[in-house]
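Features reported for this protein in TrEMBL:
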type	residues	note
DISULFID	CYS16-CYS43	disulfide bond
DISULFID	CYS75-CYS102	disulfide bond
DOMAIN	1-45	domain 'Sushi'
DOMAIN	46-103	domain 'Sushi'
Amino acid sequence: MEVEGNRMHQRAKFSCVEGYFLEGFDDIVCTPSGYWSHDPPPCKAIKCPIIKTDDPYLRITHYNRTYGSRVFFSCPNGYKLNGVSFATCLKNNSWDETVPFCE
C-alpha cells in the first residue's frame, strides 16, 4: 500500500503480493469530510476451480487450488494414465493442463 498522506484529495493506492488479487478499489481518496472514499480493499487468494472428472479410477492428490500449487494425477494398478501427471494453478484462476483419464 502506498499512502500519499491523509489530507483532503490525497490518495492511498493498494496492491497485493503475488498469488493474491485485490477485491475492490485499488485507489481511495481522502474526502473533504476527512474520511476515505472507500474502505481499504482486501487481498484474496487466487484459486483455481475444483477439478471435476467422470473417471471413477482417476486419483487426484495434494489437492490445493491456490495459485502456484500443483495437483497430481494417478491411476490404480492395471490402468494407464492418459495425459499429464500433474497440473499447476495459474494467475488467471485456471489450470495449466487438461484433466487426464485412466484407461
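Note: Cβ is positioned from N, Cα and C throughout, glycine not excepted.
Remember, TrEMBL labels are computer predictions, not curated facts.
The structure, with features from TrEMBL marked on it.
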{"residue": "CYS16", "record": "disulfide bond", "DSSP (3 states)": "coil"}
{"residue": "CYS43", "record": "disulfide bond", "DSSP (3 states)": "strand"}
{"residue": "CYS75", "record": "disulfide bond", "DSSP (3 states)": "coil"}
{"residue": "CYS102", "record": "disulfide bond", "DSSP (3 states)": "strand"}
Rounded to the nearest Å - Cα separation of CYS43 (disulfide bond) and CYS75 (disulfide bond): 37
Rounded inter-Cα distance in Å - CYS75 (disulfide bond), CYS16 (disulfide bond): 38
Spatial separation of CYS102 (disulfide bond) from CYS16 (disulfide bond) - C-alpha basis, Å: 39
Local confidence of the prediction over the domain 'Sushi' (46-103), expressed as mean pLDDT: 96
Count of other CB atoms lying within 10 Å of the CB belonging to CYS102 (disulfide bond): 19
